[in-house]
Amino acid sequence: MDGRGPAPAFRLISSEEDTPPDITVPVPPVNGSHGGAATAASSHVGDGSEVTDGEGGARESAGAASDLWAAFSFGRGGESRGGWRAALNQLLRRGNDLEAAAVNHRYTQEERARLKQFQSIDYLAPSSRVYRHWLAAQPWGRYWDRWLMMALIGVAVGLVGYFLHLSVHILAAIKYHGTRWLLSHTHVIVGWVFNITFSLALVYASTWLVVNIAPEAGGAGVAEVTAYLNGCFMPKILNIRTFAVKFLSAATAVGSGLPVGPEGPMIHMGAIVGAGLSQGHSTTLGIDSGLFRRFQNPKDKRDFVTAGAAMGVAVAFSAPIGGLLFVLEEIASFWQQSLGWQIFFACMMAVLTSDTMRSMQAAIGEGQFGMFDSVFFEVKTQLTTHVLMVVPAAAIGIICGICAIIFTLINLKVARARQEFFKGRPAKWRMAEPCALIVIFVTLGMILPLFFPCTPTQCVIIQGETKPLCPEGTPQDIKRIVEDSTELYTCSRTAHDSEIPPEWDPDGKGGGSGSKNISVPKAYNELATLMSVPGEDAIRHLFSRGTHREFGYAAIIVMLIFYFLGAAWTAGSAISSGVFVPMLLIGACIGRLVGLVVVDIAAAHGAGSQGAPPGVFLPPSPWAWIDPGAFALIGAGAFMGGVTRMTLALAVIIMEMSNDVRILLPVMVAIMIAKFVADAATHSLYHGLLEVKCVPFLPKDPHSTISLDLVEVRYVMAAPVVTLREQMRLGDVRDVLRKTRHNGFPVVRDTPQGGVCVGLVVRDHLMKLLVEAVKRGTCQHLEVPFSDLNRQFVDASALESEAAQQMAVLEGRPLTPAHFPNDPSLWDEPLDLTPYINTSAVRVPESFTLERAYILFSTMGLRHLVVVDEHNRVRGMVTRKDLLGYKLDEAVKRSRSGGPLASQATLESPVATPHVPLAADATPDRF
């Protein structure tokens, strides 16, 4: 745990007599001003109490509640005891979710304890002598295999995306077409029974897979992938079992009609594919291909996971450039220019594969292969923009920013309430939530349209054309122009034909039906046109151009509230799902409403094109930009930007998925304003979810009330530090590992000035050295190659055997029943650590500024940062959890007040800690 959390499952011995002497470096006072008692235990030790906030502790304790809940709980004071009371407490309490983006999150004492349970990933291999010997034998300057791997991952992710969308399309077609047929031939209740039965079966399958097979597959997975790429160890998120459940659960959840989308799961699955193919083995399946072994290291795995996530975005939105920019802006914490080129190529391969598969599918029905129709929400009617368009775009940005704050708060509050409610309850309770949600969603989705009358149609406009199609006898005062794909719901099926203009149909095929007429329904249901279709089709309806009054205020407002609350609650439940489609749909509703307001303002002044409804301008009018469909596209980008805080990547994704580059400037204005508004009140949704889960995520830029260049790193370092020497008794090394849970130990060399730091050695390597020494019965001439130190176990039984041997060594037992007891003299033999010391371990002087230490730590992807004095003597250690936001705030307060350093607890030897059993999620992540 970065020098403090649980490492392998070893029983920690608490015997006083086993304490090894003289293996720590005490920290003397600095300039005589910081030698007092510490206010916090060393975070390097990880078993002490945390400091309280300088202003009376955390803003809210774990059991604090609002006055409303205190009165409601009959004098219990809001005490959290689990169940529905605790869940309601989480919903009603003020909490720390409402805090500006520039304000560090404040964790409760309970949450700080949960933060310590996460381990970090050291992306840089230890530059030891054995590592350099191994590296010299590897091929250098060979890049073709890396590009080949990127191509393979791209093809694989493209296939996954194609089959996921195909599965969703088939399930959604059965659901909606079946319901539509029953509504037109039977009674509404019959349609409701079929709809709810089919949808409930899909949701039950989706949640059953997540709860019983792979809980790590729940949710979108974007936050977890972000945390992994930031350096946090997230157990089993890149497992092949997680991949299978993610695919099946996402397909069934989206196909059921819940307010969710497949884009988030596609990002997670892309990351899994990138990790699995690049490593060439699967622990779950017990398969080792033996290929690409040089990629079996944390750094290369991280790069391929980053590429896989980018491909997931590229395939989900058919936006290859957007996928590259998405990981650059939102997902990746470490970036190289060469990696950008490779991801660009990989995204191209992924989209090419997906489009080719769609072309093959179309060729089966149309007999023509090779045509790419890959724009997901293509806007076929292009409109010219006007400088005045910036005004409603800014209004959309403000409204979407405010709505994004509310959406994020509801999402985070529900996530916290969900944690409390399901704490200690059986798995079936978690399965009940999405099942109840689909029952409510389907029922309301079929009841609410009944309150809307059958709206008469007059003219139809085909997307891509600027001239509406009106049947004979249509009066001059046209009131409504609609699409040719509206929903009848319970309206009459009767329709009238309208002649297709010759210029629209030069080949005389009449739209492929052999007739030169198009069928125009006499009436349609506005709300059903949005509710009784998949979310992506509803977005296309909202984006449609030339259909200014196809949807009235009432239908859009009901759809907005319905989808807003449904998406905010469903996100994070025990299904695999994303919120990208819901965010686009919610934003499109907001933008469409603003567009209607602008149209009504124009109508109130008697403006509009001749022969068009009041307030409606048709091309080539210079005011044709006053189109609710155009504002819907702006709103989609603005709301998504307010929730995710993306800007550059989002603008490009909006352009690529709509093919409407002319509206780029208003989209950029709305996105930026929405981001600024939302930043004033909340953190981004994905960062907020990581805070709810207590994942020690380090943002790219630290936040503080003052410049961190004014604070020295010694105010956050943990001290004193357990250190080792280059040559040590084997027994002393064993005792250090038995009595501490640190994962990194600075190594010092005795000099006249004291012990100077020569590098760092990690716990895993020490454990393998101990086991190997016991196997051989001696430490003499012990040389373990780096390939063995970095060995990847594919067989689960081999992994368990290794862990059992390490525990046996620490407990003083024979390695196996047939193994002879250890010779007591073995523990007195000297162990030479020199070949295994990371001599390139990063060290900084204690006067190093905290700002630069943070940048160095996050940019290099470090796990340990050693702090030394002017004589290179170890003074402290900095790990990930020492650089969290609340730790930075505490360091600033101490530096301002001249208080004690972060940790100066007296510790002359490693402190024994109670036995901490290995949690199921504390094992190394494997594909």
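Each Cβ is built from the backbone N, Cα and C atoms, and glycine gets one as well.
Worth saying up front: this structure is predicted, and the values here are computed from it rather than measured.
Record features (TrEMBL):
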type: REGION; residues: 1-60; note: region 'Disordered'
type: COMPBIAS; residues: 21-46; note: compositional bias 'Low complexity'
type: TRANSMEM; residues: 147-172; note: transmembrane segment
type: TRANSMEM; residues: 192-211; note: transmembrane segment
type: TRANSMEM; residues: 304-328; note: transmembrane segment
type: TRANSMEM; residues: 389-410; note: transmembrane segment
type: TRANSMEM; residues: 431-452; note: transmembrane segment
type: TRANSMEM; residues: 551-571; note: transmembrane segment
type: TRANSMEM; residues: 583-608; note: transmembrane segment
type: TRANSMEM; residues: 628-654; note: transmembrane segment
type: TRANSMEM; residues: 661-678; note: transmembrane segment
type: DOMAIN; residues: 717-776; note: domain 'CBS'
type: DOMAIN; residues: 837-894; note: domain 'CBS'
type: REGION; residues: 895-927; note: region 'Disordered'
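Most Cβ pairs under 8 Å to the transmembrane segment (628-654), among the stretches 192-211, 389-410, 431-452, 551-571, 583-608, belong to 583-608.
For the domain 'CBS' (717-776), residue counts in helix, strand and coil come to 24 helix, 25 strand, 11 coil, using DSSP.
The stretch from 192-211, 389-410, 551-571, 583-608 with the most CB pairs below 8 A to the transmembrane segment (661-678) is 389-410. Taken together, the residues of the domain 'CBS' (717-776) have an average pLDDT of 88.
When Cβ-Cβ distances under 8 Å to the transmembrane segment (389-410) are tallied for each of 192-211, 431-452, 551-571, 583-608, the top count falls to 583-608. Tertiary proximity for the transmembrane segment (551-571) is limited to same-chain residues at least six positions away from its ends with a CB under 8 Å from its CB atoms, namely 219-220, 258-260, 403, 407, 410-411, 414, 434, 437, 441, 444-445, 448, 452, 455, 526-527, 529-531, 535, 538, 541-542, 577, 579, 582-583, 585-586, 589-590, 592-593, 596, 628.
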